[in-house]
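As written in TrEMBL, here are the features:
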- Cys27-Cys39: disulfide bond (DISULFID)
- Cys34-Cys52: disulfide bond (DISULFID)
- Cys46-Cys61: disulfide bond (DISULFID)
- Cys66-Cys78: disulfide bond (DISULFID)
- Cys73-Cys91: disulfide bond (DISULFID)
- Cys85-Cys100: disulfide bond (DISULFID)
- Cys103-Cys115: disulfide bond (DISULFID)
- Cys110-Cys128: disulfide bond (DISULFID)
- Cys122-Cys137: disulfide bond (DISULFID)
Amino acid sequence: MVHPRYWQCDGMNDCSGGEDEVNCPGCSSDQFTCNNGWCIPGYWQCDNFNDCLGGEDELNCPSTGCSSDQFTCNSGWCIPGYWQCDGMNDCSGGEDEVNCPSCSSDQFTCNSGWCIPGYWQCDGMDDCYGGEDEMNCPSYKRAPKEKWEKLTRKVEQKKKDMRK
């Protein structure tokens, strides 16, 4: 079978014997070489996104020197300190959700481990991702699905805006 020329030396064996990946030139000086031989732009290295299949482009990155109100991910990426222990993995390895303290007595513990103010429990609005803060309430009334979806979109947009 004949393959397009651009499949040659692309880091993927397209021929059964891998002939399309033999005698290939290495990556140029402005590129990063992934373990599988793929070449990615050098500026993709240490950009907090795994571009190589094994994520090797994000290993051994220099620390950016996060400020005191930020959390330093293992990749060196800085995230706002209040994202630590919020029940959502913001670092690529999830280290911002490891060894989190348990909730205080005036808080409710969501199944994710996230702590919310106790007075949010049974207030008619799902504050935990699974809505467990609104379950088994005296006069149980689940927040409308549309309201929950709107809140979720707002939270996700806020996180995206903060990462810019």
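A Cβ is built for glycine as well, from the same backbone N, Cα and C atoms used for every other residue.
Whatever TrEMBL says is automated annotation, not expert-curated.
Of all the disulfide-bonded residues in the record (Cys46, Cys78, Cys100, Cys128), the one with the smallest CA separation from Cys39 (disulfide bond) is Cys46. Remark: Cys52 (disulfide bond) has Phe32, Cys34, Asn35, Asn36, Trp38, Ile40 as non-local neighbours, by Cβ distance under 8 Å and separation of at least 6 in sequence.
In this structure, the CA atom of Cys128 (disulfide bond) is 9 Å away from the CA atom of Cys115 (disulfide bond).
Sequence-distant neighbours of Cys91 (disulfide bond) (same chain, six or more apart, CB under 8 Å from its CB) are Phe71, Cys73, Asn74, Ser75, Trp77, Ile79, listed in sequence order. For Cys110 (disulfide bond), the same-chain residues 6+ apart in sequence whose C-beta sits under 8 angstroms from its C-beta are Gly87, Ile116, Asp127, Cys128, Tyr129, Gly130, Glu132, Asp133.
Looking only at Cα atoms, Cys122 (disulfide bond) sits nearest to Cys115 among the disulfide-bonded residues Cys46, Cys61, Cys66, Cys100, Cys115. Taking the C-alpha positions, the distance from Cys137 (disulfide bond) to Cys115 (disulfide bond) comes to 18 Å. Here the CA atom of Cys66 (disulfide bond) lies 20 Å from the CA atom of Cys100 (disulfide bond). Cβ contacts within 10 Å of Cys137 (disulfide bond), excluding its own Cβ and spanning all protein chains shown: 13. DSSP assigns Cys115 (disulfide bond) to a strand in the three-state reduction. Other Cβ atoms within 10 Å of the Cβ of Cys34 (disulfide bond) number 20 in total over all chains. Cβ neighbour count for Cys78 (disulfide bond): 18 (other Cβ atoms within 10 Å of its Cβ, all protein chains included). Comparing Cys115 (disulfide bond) with Cys85 (disulfide bond), their Cα atoms are 9 Å apart once rounded.
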